[in-house]
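Over in TrEMBL, the protein carries these features:
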{"type": "TRANSMEM", "residues": "13-35", "note": "transmembrane segment"}
{"type": "TRANSMEM", "residues": "47-68", "note": "transmembrane segment"}
{"type": "TRANSMEM", "residues": "80-102", "note": "transmembrane segment"}
{"type": "TRANSMEM", "residues": "114-135", "note": "transmembrane segment"}
{"type": "TRANSMEM", "residues": "141-163", "note": "transmembrane segment"}
{"type": "TRANSMEM", "residues": "296-316", "note": "transmembrane segment"}
{"type": "TRANSMEM", "residues": "336-355", "note": "transmembrane segment"}
{"type": "TRANSMEM", "residues": "367-384", "note": "transmembrane segment"}
{"type": "TRANSMEM", "residues": "390-411", "note": "transmembrane segment"}
{"type": "TRANSMEM", "residues": "431-450", "note": "transmembrane segment"}
{"type": "TRANSMEM", "residues": "456-479", "note": "transmembrane segment"}
Amino acid sequence: MGSQEVLGQAARLASFGLILQVLFRLITFVLNAFILRFLSKEIVGVVNVRVPLGVFWSLFLGWVWLQLLEVPDPHVVPHYATGVVLFGLSAVVELLGEPFWVLAQAHMFVKLKVIAESLSVILKSILTAFLVLWLPHWGLYIFSLAQLFYTTVLVLCYVTYFTKLLGSPESTKLQTLPVSRITDLLPNITRSGAFINWKEAKLTWSFFKQSFLKQILTEGERYVMTFLNVLNFGDQGVYDIVNNLGSLVARLIFQPIEESFYIFFAKVLEREKDATLQKQEDVAVAAAVLESLLKLALLAGLTITVFGFAYSQLALDIYGGAMLSSGSGPVLLRSYCFYVLLLAINGVTECFTFAAMSKEEVDRYNFVMLALSSSFLVLSYLLTRWCGSVGFILANCFNMGIRITQSLCFIHRYYRRSPHRPLAGLRLSPVLLGAFALGGGVTAVSEVFLCCEQGWPARLAHIAVGAFCLGATLGTAFLTETKLIRFLRTQLGVPRRTDKMT
């Protein structure tokens, strides 16, 4: 498969992923706004901060959550122990479906992913809303049962699809599939008599260590909240709501791009080989794509940072009322808007870095991640003691800055002996930078005079000012960043193949 064809498939996967994320987040956004009217912020804090960590560790240290940590007041958060057990069971069910998900993702079974995950999220949301409305006294039962139902439906969708596909005559035509029947996905003894392929096992172990450290870096603030009790359950709930709201656009746009183009880079580039020793057409395509993705991430992140500052308080007031728009909520969301900029750049740089790194480079990077994990946890604790929940976001910004620096250094070394300079995607024209600065200044002044205590007419005027400034900024980007616009038009206009796999 040529690099251009792989690029087309990756672009289509990213497009479908973007649509899927819009659906997910829209449903989640409406559901959370609904739930906040019926449940306390303490239950939200336990469900979204502590219990997800219980899911991650339930296979190893589940008893910690039930025996060693502080148990919430049963009158405020009922059915805590049973809820944690059910969340752990949902993690086991989801792991059973992981091989099918990996197979579908690697071979870009786009329709399968869209249907399976959309159906699971919709049914989970309906069940959650029904239980919250009719049985709010169930407490954690509501969320744990909904999560278990979600993972069960998701795994059944993948298992059903591959059972029918691998058992049909059509599967013989798909020569690229590494399996011919469902049992091939189960543990088995190879023809050589070995139960484990040690070469693949070592590579898997390297990625496991990397994923483990990334999990600590990603969820580190939850560990600090849980084990060190730096915030009460109510403050944890507010932080998590703001965290989810702040990352809404990042997950909508950046996550599908990162997942899809990681596959693209992994298929086009060869590990263990210098850029000068590979097929130069593929290297050139990868460099051009990386440059465009960096430019897209930078523009999206800057837009969120600049315009999110003046609209954080209004967004929180509309979403959750005074519970979110008063106190630390607006400061948290404004800080998170800057963090989104770093998230955008890091997502693109790391998706290339992890696709191009050799096993030895992955191992070396794991040591960096280990140091980052330790420093991040310590910094989170110190900054939270100093400036409250905002300290978590500041620690995340520091962590993300170091990771971006590591990835940029790798990309620079990778292309230094070639004529390609993909890091040029991080440079914007002075005119566009001026448009961002002007738009940020105008919306900040508008917030002072029009938001958020003057009633809805003033709020609508504030929104209109922001819409005008945003339109002018995007228009400037359209006129100045012609290379990026050409890339987007080309990829979105790739003809669809009548491939039943996608």
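In case you wondered, yes, glycine gets a Cβ from its N, Cα and C as well.
Contact between the transmembrane segment (296-316) and the transmembrane segment (456-479) is supported: at least 3 Cβ pairs lie under 8 Å, counting only residues 6 or more apart in sequence. Counting only same-chain residues 6+ beyond the ends of the transmembrane segment (456-479), those with a CB under 8 A from a CB of the stretch are 299, 303, 306-307, 310-311, 314, 431-432, 435-436, 438-439, 442-443, 446-447, 450, 485.
Remote same-chain partners of the transmembrane segment (390-411), defined as residues 6 or more beyond its termini with a Cβ less than 8 Å from a stretch Cβ, comprise 217, 220-221, 224, 239, 290, 328, 331-332, 335-336, 338-339, 342-343, 345-346, 349-350, 352-353, 356-357, 361, 365, 368, 372, 375-376, 379-380, 382-384, 422-423.
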